[in-house]
Amino acid sequence: MDISSILQGGYAHPTSRKWQASRQLTKSMFMYPIFITDDANASTEIATLPGQRRWGINKLEGFLAPLVAKGLESVILFGVPFNCAKDGRGTPADDASGPVILAIKKLRSLFPKLYIACDVCLCEYTDHGHCGLLHGDGTINTPPSVERIAEVAVNYARAGADCVAPSDMMDGRIKAIKRGLMDAGLGNKCTLMSYSAKFASSLYGPFRDAAGSAPSFGDRKCYQLPPSARGLARRAIQRDAAEGADIIMVKPAMPYLDIISDAAQLTPDHPIACYQVSGEFAMVHAGGAAGVYDLKTMAFESVESMVRAGATLILTYFTPEFLDWL
Ligand code: PBG
Ligand code: ZN
């Protein structure tokens, strides 16, 4: 055999195998998505998301203190209100006594060093379940949507969020949010993480069950990206970077590794986030339960693929497990 044929000597040992990664997994790469509801004492299992619950603010300390002790550094909050009047403009989104703003303040006092991100969208708070404001014919009315999304983002930042992360996919919202943060004196304090390449995926089902945010009619295909659209994703990434995004996100993650890789090349000077969404998490669990693979091994393989593609930050429901595994 030729000298150039032999590679296996380079990865024969578990330690030399670790060196084959261009970047090692670390605990700080993981951001944990958390559902906050408006019953302060809630701890309600979510049937389609193994191990995940909807939490009331009185339960946050007991739930998160052990994770913070294990090295949890960041969370992203999703509000799930039940006792509120949803309307066309998502008024409850930034209610000062609503679950998200109360949770920001509570977490800030409980865990002063925890990085608190907030998803910013209207679908959990609109009576029609769409992510923006609508025209009479049911299509998105972009200017007031952007204005409202920016208002909500600024109110989360005012409440103490370290990061606002708009997932609505309205055109122009990054610029409007950045401007809003600057005008509020928070431009230097609050990160703007854009769900830049967010696809109209079938993998959001468990989340929509958990958050009660399924649209009451139609779908999200006129604002979330078509799954085939690599070019549009590249344009959205570049646009959002130009509009002032501090972090670029790709979502979902595993079926879109090429897009993560594109993002890492197009915006090499930004952190690149990806979201292993609810349906991906449920898939990994379902395969494990069906005996297709060992769950932990597959969970590692899934996040290694994202880091290999170029992700520096991973939003995943597996975060508590990785805090144990790493
Ligand atoms: C709200 C939002 C969704 C997710 C994050 N923010 C659902 C959607 O767009 O329908 C999905 C997260 C997940 O599936 O884990 N816009
Ligand atoms: Zn939404």
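Glycine too: its Cβ is placed from the backbone N, Cα and C atoms.
So that you can see what the record holds, here are the features copied from TrEMBL:
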type     : residues               : note
ACT_SITE : Lys198                 : active site, schiff-base intermediate with substrate
ACT_SITE : Lys251                 : active site, schiff-base intermediate with substrate
BINDING  : Cys121, Cys123, Cys131 : Zn(2+) binding site
BINDING  : Arg208, Arg220         : 5-aminolevulinate 1 binding site
BINDING  : Ser278, Tyr317         : 5-aminolevulinate 2 binding site
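Here the features listed in TrEMBL are painted onto the structure.
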residue : record                                               : DSSP (3 states)
Cys121  : Zn(2+) binding site                                  : coil
Cys131  : Zn(2+) binding site                                  : coil
Lys198  : active site, schiff-base intermediate with substrate : strand
Arg208  : 5-aminolevulinate 1 binding site                     : helix
Arg220  : 5-aminolevulinate 1 binding site                     : coil
Lys251  : active site, schiff-base intermediate with substrate : strand
Ser278  : 5-aminolevulinate 2 binding site                     : helix
Tyr317  : 5-aminolevulinate 2 binding site                     : coil
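Among the recorded positions listed (Cys123, Lys198, Ser278, Tyr317), Cys123 have a CB atom closer than 6 Å to some atom of ligand 2, in sequence order. Using a 10 Å Cα-Cα cut-off from Lys251 (active site, schiff-base intermediate with substrate), the recorded positions that qualify among Cys121, Cys131, Lys198, Arg208, Arg220, Tyr317 are Lys198. For the pair formed by Tyr317 (5-aminolevulinate 2 binding site) and Arg208 (5-aminolevulinate 1 binding site), distance between Cα atoms is given as 15 Å, rounded to the nearest Å. Same-chain residues with CB within 8 A of the center of the Cys121, Cys123, Cys131 CB atoms, the Zn(2+) site residues themselves not counted, are Gly90, Leu122, Glu124, Thr126, Gly129, His130, Gly132, Ser167, Asp168, Ser213. Ser278 (5-aminolevulinate 2 binding site) is 17 Å away from Arg220 (5-aminolevulinate 1 binding site) when you measure Cα to Cα. Neighbour density for Arg220 (5-aminolevulinate 1 binding site): within 10 A of its CB lie 22 other CB atoms from the protein chains shown.
Among the recorded positions Cys131, Lys198, Lys251, Tyr317, the ones whose Cβ sits under 6 Å from an atom of ligand 1 are, in sequence order, Cys131.
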